[in-house]
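If you check Swiss-Prot, you get these features:
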type	residues	note
BINDING	Arg17, Glu18, Leu19, Lys20, Lys118, Arg525, Cys526, Trp571, Glu615	5-methyltetrahydropteroyltri-L-glutamate binding site
BINDING	Ile441, Gly442, Ser443, Glu494, Asp609	L-homocysteine binding site
BINDING	Ile441, Gly442, Ser443, Glu494, Asp609	L-methionine binding site
BINDING	His651, Cys653, Glu675, Cys737	Zn(2+) binding site
ACT_SITE	His705	active site, proton donor
Amino acid sequence: MPVLSHILGFPRIGLYRELKHALEQYWEKKITENKLLDIGRMLRMRHWKQQINSGINLIPIGDFSWYDHVLDMSIMLNNIPTRFHILSQKKNTLNMLFSIARGDSINNTTITPSEMKKWFNTNYHYIVPEFVQNQIFKLNCTQLLAEIDEALSLNHPIKPVLLGPLTYLWIGKTKETKEFDRLSLLPSLLLVYKEIFNILSKKNIQWIQIDEPALVLELPQTWLKAYLHAYDQLYQTKIKLLLTTYFGKIYHQLPIIKQLKVNGLHIDLTNCSDNDISLLHEQLPKKWILSAGIINGKNIWKTNLYDWFLKLNTITHQRSLWIGSSCSLLHSPIDLNIESKLNNNIKNWFAFAIQKCSEIKLLCDALNSNHNDNSDQQNILKKYYNTNIQRLNSNIINNPQVQERCKNIITLDHSRKTKHITRMKLQHNRFNLPLYPTTTIGSFPQTSEIRKLRLKFKNKQINEDYYYTHIQQYIKKIIQEQEKLDLDILVHGEPERNDMVEYFGENLKGFVSSQHGWIQSYGSRCIKPPIIIGDISRPIPITIPWINYAQSLTNKPVKGILTGPITIMTWSFAREDIPRHMIALQLALAIRDEVMDLEKSGIGVIQIDEPALREGLPLKKSEQSYYLKWAINTFKITVSSVKDNTQIHTHMCYSEFNEIIDDILKLDVDVISIESSRSDLQLLQFIKTAGKKLNEIGPGIYDIHSIHQPSINEIMDKLKKLLQYIPKDRLWINPDCGLKTRSWNEIRESLNNMVIAAKTLRINNGLNN
C-alpha cells in the first residue's frame, strides 16, 4: 500500500491576512455578512487548492474557523453559555459565535465573553467551553457540512477534522459554584458525535481525523478509562477514525491507546528517537494506519527528510504508513515564496506551510519509489537539507563572545541580595507612591497613522529625523493623557513597537524578521514571530532614547518596558540546534544589558514582561521542575544587579498559577501584574493561596480584550474582593493587558473609572489622594 500524505490543518488567515481584515471590517459594520461569507469561501477554496497542488493526498476539512476551532466545536454541540441565551432570538449562529468570543450587551446589560486560554503549549488562544451539570448537547453542524460540500466539488479525497470528545471536556470548565465531574457529560456528548459520524458516512466520507491532544498529558486513570468507553461507543464499520495526538510524546499512554477502537494513530514524532519509532511499530495493532507527524508544524526550519527516510523506510514494508505534519500548520506562516527581503542563503533554511506540504510529498515519493530500488528520490532528499547542514558552521549563527559570556555567568547566584520588605520601603519613598498605586501594562492605542509611519521608516521612505520627531509627538500625547487621568506610574506607550517580541527581535543580533510570516493568535489577532537563527547579543541600547524622552516630559515615574527572555524565545521561531535553555540564557544577558542601561539613565521602574513563562511549561508534570529551574534563573539573571530602590515589575498571563506558586515567588519581583480578568474565580483561588506571600501584585482589574467598558462600581466590587486576601499596601490597580488594540475613547473611560475607584478606596481608608 502506498505511503499517503496529509496534514492536520492549514493556516486560516490567508496569505495577506485577508480573514483578519474581513473580520475587523465586519465587526465595524463596513462589510455585510454575505461579503464576509464570500471571503471565507474564497480562502477555503484557495487553501485546499494550495494543498492539492503541493501533493497532499488527504486534505483536512473543518480546520477553517471564523474565530477559533474549539468555539466552533461548542457551536456544533449547541453548547452556548447560559448568559448568551437571551441573544438567541436576535443572533444567527455566526454572530452568536462572535458574541461568545468578544462579549456583548443587551438592554444596557453587559454579557461577558467566555474565557480565553492558551492552546496547550502554543501561543494560540482558544475560547474555553463552559459546562453546567446535566447539560444536554445537540447537533448543529451546518458550517461543517457546507465546507464538506464545497470541498467535495474538487473531486479530491478529504478528511473531516473534529476535536475529540475527551479533549473537549478536558479543556473546558464548569460554570457552577459547586464543582462536578465533567465526565458525567460524556454520554450526552457521545450521542452527538455518533450523529455526526452517521451524517458523514452518508456522504461517503471514508476517514475522520479526531483530535485528542489531551493524550499527551499525564491524565488521571478515570479519564483514561473514559477513553476506552468513549471509543467503544463511537466505533462503527462505515467510517474510519484517525486518532490524532500532537504537542508531545504519547508512549506513556500506549497501553490504553492500543486498546481503542480506531483505525489509525497519528503521533507527533518531532522529538522522538529511532527506538521510539520501533516501539510504536511493535506495540500498535498491525492493521492500524501509523501516521508519522515528522514535519514540525510549530516551527519554520526545513526538515531533514533523508534522515526520516532512513528511520521510516523499513516500516513501509510492514504496515500502512501516512506522513504528516506534527500538528496543524495553523501555527506556521503560509508561504515562504512571497518573502522578498530575506537573505537568500538564510531563506533557504526555512519552510512555511506550503513548503511543509511539499516536504511531505518529497518524503512520500522517496518512500514509495524505494520499492522499485530508485535512488534518485533519495538523492533529492539529501540535497534538500544540505544548506541546513552547512548552516551549523556559519559565522551568521556562531558568536564566540556570546558563547564565552554564557559559560562565565551560568554558575553564579543571581538572587537579589536584599529582602523585598526593605526594597519596598526604599522604592515607595523614592517615588512617593500612594496606597493602591495605579498604572498600565505598557502599550497605548496604535492608530493607523502610527503603523503607516513605522512602515514608511522601515521601507526607507522617510528619514530618521522625521520618524523620531513624529514618534516623540505620539509619546508626548500619551504622557499628557496619563497625567490628565492622574495615573501614578506612567509608560511611554510603545508607539515605536510593532509587537512586543518582534520589536526586540529586530534590534538584537541573532534574529531575522519576515515580511509576511503571520500566524493567528486569537480571532483576528495575528502575530509575526521573529526567527532566532544564531547566537544573540545586543549591539546598542534599544529602548533608552524613547523612555528617557518620556521621562523628560513628566515628574512622575515612567516605567521602562522590556520583554523577558522566556517570552521572546517562546514567541519566536527558535533555532533547533542548541537547547532552549541556552537560547534563553543568551536572551537574558542581552536584556540584562538593557536593564542596566535603563537604570544608569535614571529610570527607576523597569518592567520585564513574561506572559509566556507558564506557557513554556512542559505539558507533562514529570518534566516541569527542570524547566522551571532554568526559566526562573534566566529571569533572575536579567535583574539581579539592579539597586534596591529600582522597582522591578513583571507582567504575566494567569494560567493555573496555583500549580507553580512557589516558583512564581522565587522570581522575587517587586510587583507582578496578571492578565486574569476572564478567570475571576481561578484568580481568587490563586490570590487566596498566594496573596500574602507575594511581594506586590496588580491583578488585571478589567479585560482589555472585551468591548465592555467597566463601571466604577464594577471595579470597586473587584477590588473589595481582592482586598480580602491581599494586604492593602501590596495591591496595585491596573488593566489586565496592554491597550494597543483599543481606541482612545475606550481606554479613556476605562482608565478614568479605574483611577476614580483607586482614589475612592484611598478616601475610604482615610487617606488623601
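Start at 1 and count along the chain as shown; that gives each residue its number.
Note that Cβ sites are derived from N, Cα and C of the backbone, with glycine treated the same way.
A simple way to gauge crowding: the CB of Ser443 (L-homocysteine binding site) has 23 other CB atoms within 10 angstroms, across all the protein chains here.
Checked against Gly442 (L-homocysteine binding site) by C-alpha proximity, the binding-site residues Lys118, Cys526, Cys737 yield Cys737 as the nearest. Checked against the residue listed as 'active site, proton donor', the binding-site residues Arg17, Leu19, Ile441, Asp609 differ in C-alpha distance, with Ile441 being the nearest. Taking Asp609 (L-homocysteine binding site) as the reference point, the binding-site residues whose C-alpha atoms are within 10 Å of its C-alpha, out of Lys118, Glu615, His651, are His651.
Cβ packing within 10 Å was compared across the binding-site residues Cys526, Cys653, and the lowest neighbour count falls to Cys526. In this entry, 5-methyltetrahydropteroyltri-L-glutamate is bound by Arg17, Glu18, Leu19, Lys20, Lys118, Arg525, Cys526, Trp571, Glu615, whose most widely separated C-alpha atoms sit 28 angstrom apart. DSSP gives Ser443 (L-homocysteine binding site) a strand state. Considering only the binding-site residues Arg17, Cys526, Glu615, the residue whose Cα is spatially closest to the Cα of Glu494 (L-homocysteine binding site) is Cys526. Glu615 (5-methyltetrahydropteroyltri-L-glutamate binding site) has Cys653 as its nearest neighbour among the binding-site residues Ile441, His651, Cys653, Glu675, Cys737, going by CA to CA distance. Ser443 (L-homocysteine binding site) has Cys737 nearby among the binding-site residues Arg17, Leu19, His651, Cys653, Cys737, counting only those with a Cα within 10 angstroms of its own Cα. The L-methionine site, placed at the center of the C-beta atoms of Ile441, Gly442, Ser443, Glu494, Asp609, has further neighbours from the same chain whose C-beta lies within 8 angstroms: Thr440, Val491, Met500, Ile561, Gln607, His651, Gly738, Lys740.
Across the residues annotated as binding L-homocysteine (Ile441, Gly442, Ser443, Glu494, Asp609), the widest Cα-Cα separation comes to 13 Å.
Here the Cα atom of Cys737 (Zn(2+) binding site) is found 6 Å from that of Ile441 (L-homocysteine binding site). Annotation: His651 are the binding-site residues among Leu19, Lys118, His651, Cys653 whose CA atoms are within 10 angstroms of the CA of Ile441 (L-homocysteine binding site). Ranked by Cβ neighbours within 10 A across all protein chains shown, the recorded positions Arg17, Lys118, His651, His705 are led by His651. Cα of His651 (Zn(2+) binding site) to Cα of Lys118 (5-methyltetrahydropteroyltri-L-glutamate binding site): a span of 16 Å. For Glu675 (Zn(2+) binding site), the Cβ neighbour count at a 10 Å cut-off comes to 24, with all displayed protein chains included.
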